[in-house]
C-alpha cells in the first residue's frame, strides 16, 4: 500500500474560489476541509460570469480560502506532502491567480507542485468518493463542458463524444436568463420545471438522428427563445405556468438527449471488458435530479453500477483538485516553476477538437 499523502488543493478556474485539504491512504481518502467562496452575487446582474470580475475576486480571496482550509483541517503547510492546483482549462485570469499562489507556496515550503487538469478533477471524483476502479465510463456535464470519457488511469482518458457547441449547463443558464429566473440557471430551471408540463412544447432532441455520442444544445436554446417570443407576442407576457412548462419541456429534452447518448457510450465502453463496469457522472449539471434519475435507469438497464458524487462535489471544488493531484503525484507527475496556466487543455489529446465554444472558451 502506498504511504499516506496529504495535499492542499487550489481551484479558481471559473467563478468559485476554493481550497481544500485531502488525505489519502491507498484507495481510501478523507476530505479534511473544503472551502468554497462562490461569486454568484458578483455576477448576478450580468446574467453570466464576467471574466474580469471573476479574476479580480480570485486574486482577493484565494489566500484567505487557503488559510481557512488549513485552519479547518487543523494543519499547517509543514504537515502537507504536496500542493495541487488547477492549471486549466478555464478562464485564464482566474487560473493564473491560482497557479501563481500555488507556485509561491511551493517555492516557500519546498513542497512538490502538481498542476491538475480541471476536467480530470471532475472525472476522478468517483475515485475520491467511492474508490471506483479503472476503467469506468464518465459523463462530465457542466457549465462549460459535456463529454463522454473512458477513464483508464489518472492521466489516461479516451473521449467518445461531446457537445459540438454549447454545454448543457450553459444552456440551462441561458434558459434561466431568457425566462427572467435567477442565476445559476440549473437549480432555477429545475425548480420551475417541477411544476410544469413537459409535453406542452415540442422542443427538438438535437442529434438523436445521427450516430455516435456527440451532442448539440444550441438549437434547443433557439427553440425555447422562439417559443417564449411566441407566447409574449400572443399574450403580452409569460404566466407562471408558461415559465414552468417552458422549463419542463427544455429539461425533458436535455434529459432525453443525455440518456440516449449515454446508452450509446455504454455500448462502446462494454468493449473494455471491465471487471466491475460502472457509469459515473460529474460536473455541476450532475446535481440535476431528473438527469440523475434518467442516468440511473440507463445504467440499471445496461447492468452497470451508477455513481454520482454528493451534490457538494458536483460543482467546482478544491477537494477534487487535491485528490487528482494525489493521483497524478502517485503516478510520478509533478511540475516545476515553469507550470503555466492554460485556457484550453483537452483530457484526450489524441481526439479531434470539438467544434464550437462554450462559456469557458474553446472546448477542451
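One-based numbering along the chain as shown.
Including glycine, each Cβ sits where the backbone N, Cα and C put it.
According to Swiss-Prot, the feature Fe cation binding site maps to 118, 122, 316, an assignment based on sequence analysis. Within the same chain, the residues at least 6 positions away from residue 118 (Fe cation binding site) whose Cβ sits under 8 Å from its Cβ are 11, 13, 86, 88, 89, 90, 316, 321, 345, listed in sequence order.
Following the DSSP three-state reduction, the secondary structure of residue 142 (substrate binding site) is coil. Here Swiss-Prot flags 140, 141, 142, 143, 144, 173, 186, 288 as substrate binding site.
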